[in-house]
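A.B. asks: Take a look at this one; I'll ask things after.
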Amino acid sequence: MWLQRSPGLAAVQAVVICICAFHATTAMDIPLEVLGHVNIEQLPTITAQSPSSLIAFPFDESFPMTCEAKGNPEPEFRWTKNGQEFDPSLDPRLMKEEHSGTFVIPNNGNLTEYQGTYRCFASNKLGTAISKEIEFIVPNVPKFPKETPAPVVVEEGQPFTLKCDPPNGIPPLQIYWMTINLQHIEQDERVSMGLNGDLYFSHAVEKDSRRDYCCFAHFPRIRTIVQKNAMSVIVKTSSHPSVMLSSNAILERRPSLLMPSGGKSEKQLVKGEDLKLECIAEGYPTPQVEWVKMDRQLPVKATLESHGKLLIVPRVEQKDSGKYMCKAKNPLGEAFHYFTVTIEEPPEWVFEPESQLSMIGSDVFIKCSASGSPRPTTTWRVNGVPLQESPAANRKAFDDTIVLHNAKPSDSAVYQCEASNRHGTLLSNANIMIMSEYDSFHLCFSPPSTISWSKDDSSESVEGPRFTVHDNGSLEVYNVEKGDMGQYTCLAKNTEGSSAIDAMLYVKDPTRIVVAPEDRQILIGTMAQLSCLAEYDKSFSNDFELLWEKDDMEITLNYTENSRYLVEDGTLHIVNVSHRDQGVYTCVAKTPVDHDTASALIMVLDVPDAPENLVLSEHKSKSVKLKWIPGDDHNKFIIDYEESKWEPGNWKELLRVPGNHNSAVLKLHGHVDYRFRVSAVNDVGKGPPSQPTERYKTPPAAPDKNPENIKIEGHLPHEMDINWEPLLPIEHNGPGLEYKVSYRRQDVEEDWKEHTVKRHSFVVRNTPTFVPYEIKIQAKNHQGWGPEPKIVTGYSGEDFPSAAPDDVAVEVMNGSVVKVSWTRVHKDKLHGHLGGYRVIPQKQTFAFRHSLKGIHGDKHALTFPGDRSHAMVPGLTPFSEYSLIVMTFNGRGNGPGSHPVNFKTPEGVPEKNPVFRVTDVQRHTVSLVWDPPMEPNGILTGYLLEYQLINDTEEVGPLQTIDISNPDTTKWILRDLEPVSKYKFYLRSCTTVGCGPVVSEECTTTLETSDCLILILDRFHQWLALPPSAFASDRLCRCKHSIKCPDEKAKASQSHRALFSAGLASIHGGISTQGWFIGLMCAIAVLTLIVLIACFVNRNKGGKYSVKEKEDLHPDVESQGMNDDTFCEYSDNDEKPLKGSQHSLSREIKAGDSGDSLVDYGDEDAQFNEDGSFIGEYAGRKEKRASTEIKATVQTSA
């Protein structure tokens, strides 16, 4: 046998049937009398309850909430309301019945407090049964709002709608349209009522005019009829301002849909409901409506009502779902709407859980499954408590089955299964009784039969939650899998013998479309693609087909160059889409045993066609009537014009006309040679324009309008400038355009003064300062004057304000912000439009440190627009004296300043130090220098110096802090540092308020170096021998002055000198740290010194180097650059210490900066020979200072 899984079902079941004896454990409902006779307990069972919805109709006397149950012992009852405990006995107004869960709500007061969702619980010591949820509904009396609808005014021949908007109430709802005298409004093909209760008119006629259109809403279940206030309709038979209709004639037009809107819609119903689809169209002649079901014929049971506008399919089923189309047509065209109808279903039991009587130690299976659309959600409870809140070790829950393994008497309970979706809820109580064999013997007096099922000659029975043996011996398999395929054997045994039967089960994968085509809107001329992918059983690989249909006709694929259809990998390609490609496309996936289909709608979009046959008629001096024949599919029309004089060939938009018109009266200007064209517009875009009309020239006429956007300005105190936007050339209406400017003062009585000008500006001179004027400007040409102009108001020119603000006060908020207040300047002193106020704070500082000229100000103004009396002034400098003034300003400029107000800002934290650098680095010491902050923002109290050790991974050591309390200190020596280590230093300046921002520097301490000397040449051409420590900064020796080679012979020593410098710079490991290497460097230094001395002695003896000549040629040696004879140069550029990087011998060594004299490096008695030779020894303040520092044992300021 074959078993196929249907693609629409969530749970797939296979049933293998065998005629066998009854199962050993059956579902039983034992009468109470029997149980009482044998003294056997029974779980509670709900026997009666109220319906799921209980409506409190106003004409009923009471409303019983019914709940009855049986059980042994007798059940007790309790209620919940909206999920909360509810005790009816606590409310004296409720009537409670004895030995019952029922209570009655009397209709003698406010019932709304009882509105809610109730549930009854019946319990005894064995378990609890629960009722379905009961919703108690207290309906409100429906009422229309108390309003008077505005009259509906409509042109004859135009469509219109009367809205009903009925109030909410208990369904069903019935709508009637009647007159005040309760006469029904006649409905026909032209007039019809929609499903929403609105009254639609396809086109208006004169007899539709009346004042008593009334909408009545009838609610039969609550026996109520309500009426909406009467509505008035006025049908105008005269022509519209922009559309001219002949008398007693209605303009013909193609259909369009009033209801529903758009091109497609979706409709969802519940199985068993009535499907109602409506299409109400407007147009003239009155459109006829036709209905089509896209994939097959209309259902036989379908009927048409409301003159064919309403399609009704009663008691819908799944086969009634699909796509429907309505078509409204008249001789001028057609309109379409597509409906997608989906049928859903409320929950329906597939397997309702049954009560069972089972033996101790047996396995109990409780199954519950339901179907529906959408798929129902299943909820399990035990004794009214959610399953997860009442765990049991021997209980397991699967998708639709609960298994009690090795059941015990304590497992006896009432199990509830509730299946629900948005269309309803099912609830079933299953009483599970676990009894001993002794108890069951008194109930069953014949031994049960034994039934077993085996698979593929196996001796073991098939078991599991997916396998169920029914009372009639049938085996049901849920959620069939491929592994379930095979031969099944049913074996039944009793004391009389046994019997067996075989059945073969084949399982195939269903054919299912997994990627369905989707509805598309395609522009004409493009390519459309519809995708369709299906899954099917692989055994049908040679028999599977994927076909495409259009409007139920199979598409033939010939795969030629001219073919417009192509299928690749399940995707249908439609090349160069045209209007004939619009329709419903269906993908069909077929195998020999089943098939699946999916459909999609293609709508072809295109811009509308160009209107045709444009005709001008009813020619008048300033208007003409334009008629045309429209194309298809348009929403509106755009009329363009072109004139031959001002901008020939340039088309401009003139008018937009609704899509249901094909003529318009065009308002024109005089003295213009026109021609016109029309374009149609729809949702896709604007279509091509029509052919232009013949030319039509209007005669000259007086101007139709006057200038606009008049601006009155006053740039000078006694003048008023009047400017306006001139009329466009096409608005002149004739030759000789001029403007008459009229003006008069507004505040005094005087006659109008008039001037005629041709330009679009005029200046009135000798006016009072800032007084109001009335101005009007009128256009004029040779044909006459334009319409009476509007009067505008403006002011004459402004002057500077003549008064300053009084009572200026300053409130200091903090070190940089103050609040300034003042008394406003009177409007008579403003002499113009108030622009606002300006606040000018002026910082008081000394121009020069020793100047006697007093103080000067650093001014900056802050502008505050508008009429105000205070402002916040930010951006001030702390600990400063200020002088502040306030002034007002207008369009002319600033007024006088107020009396100065002096104030002081409080102390703040200093700015960061502008200079902070390392000046000398030794093995264990580092010298630091800095400059005080440019803006201390207070009185300096000292500095906060911090430093810490840094390694190569940027990890830092502990932060060491030194509090320097002397604000005059600008140097410091740090001692006891680690050699060859990298340090980072931080410095902040402090006041009593706090410390300012931090500045930082880094350097690396050195190894101990040799006591070699470095020769330098001073500005007097004298040689000095100095130790490297005099120039050390970071790890390089840097000289303060230049060293020159006196002749070519000394150049041979450059390599030695470079090696010497590099030796001083390299302080890290290797041979540079060995004693012999240091000695070698010293020997090289001495040798270099001897060579240099010999070089200079030789030069001086020859008279080639004269100090006087050198000074005459080069007055300042420091200002000279390097030349080719340079031996080693040390420049005066300040440079930060290098951060521990080791230089190669070939890298340029940058020199330090100094303005010190060479005297600083020797004592005051240093002498020089006349030839410039050095005769003194190195002994100066530098050496003395260094020796002093070495003797110190603690860190002190330098």
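All positions are counted from 1 along the displayed chain.
Keep in mind that glycine also has a Cβ here, set from the backbone N, Cα and C atoms.
Pasting the feature list from TrEMBL:
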SIGNAL    1-27  signal peptide
DOMAIN    44-135  domain 'Ig-like'
DOMAIN    139-232  domain 'Ig-like'
DOMAIN    255-342  domain 'Ig-like'
DOMAIN    347-433  domain 'Ig-like'
DOMAIN    447-506  domain 'Ig-like'
DOMAIN    510-599  domain 'Ig-like'
DOMAIN    610-701  domain 'Fibronectin type-III'
REGION    683-708  region 'Disordered'
DOMAIN    706-799  domain 'Fibronectin type-III'
DOMAIN    804-908  domain 'Fibronectin type-III'
DOMAIN    910-1009  domain 'Fibronectin type-III'
TRANSMEM  1076-1097  transmembrane segment
REGION    1112-1167  region 'Disordered'
A.B. asks: DSSP says what for the domain 'Ig-like' (510-599): how many helix, strand, coil residues?
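C.D. replies: Across the domain 'Ig-like' (510-599), the residues distribute as 6 helix, 44 strand, 40 coil.
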A.B. asks: Averaged over the whole of the domain 'Fibronectin type-III' (804-908), what is the pLDDT?
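C.D. replies: Looking only at the domain 'Fibronectin type-III' (804-908), pLDDT averages out to 85.
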A.B. asks: Mind pulling out the one from 44-135, 139-232, 255-342, 347-433 with the most Cβ pairs under 8 angstroms to the domain 'Ig-like' (510-599)?
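C.D. replies: So the stretch in question is 255-342.
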A.B. asks: Hey, which of 44-135, 139-232, 447-506 has the most Cβ-Cβ pairs under 8 Å against the domain 'Ig-like' (347-433)?
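C.D. replies: By the under-8 Å Cβ criterion, the domain 'Ig-like' (347-433) pairs most with 44-135.
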A.B. asks: With DSSP as the yardstick, break the domain 'Fibronectin type-III' (804-908) down into helix, strand and coil residue counts.
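C.D. replies: Split into helix, strand and coil, the domain 'Fibronectin type-III' (804-908) gives 3 helix, 54 strand, 48 coil.
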A.B. asks: Using DSSP, how many residues of the domain 'Ig-like' (44-135) fall into helix, strand and coil, respectively?
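C.D. replies: Tallied per class, the domain 'Ig-like' (44-135) gives 6 helix, 49 strand, 37 coil.
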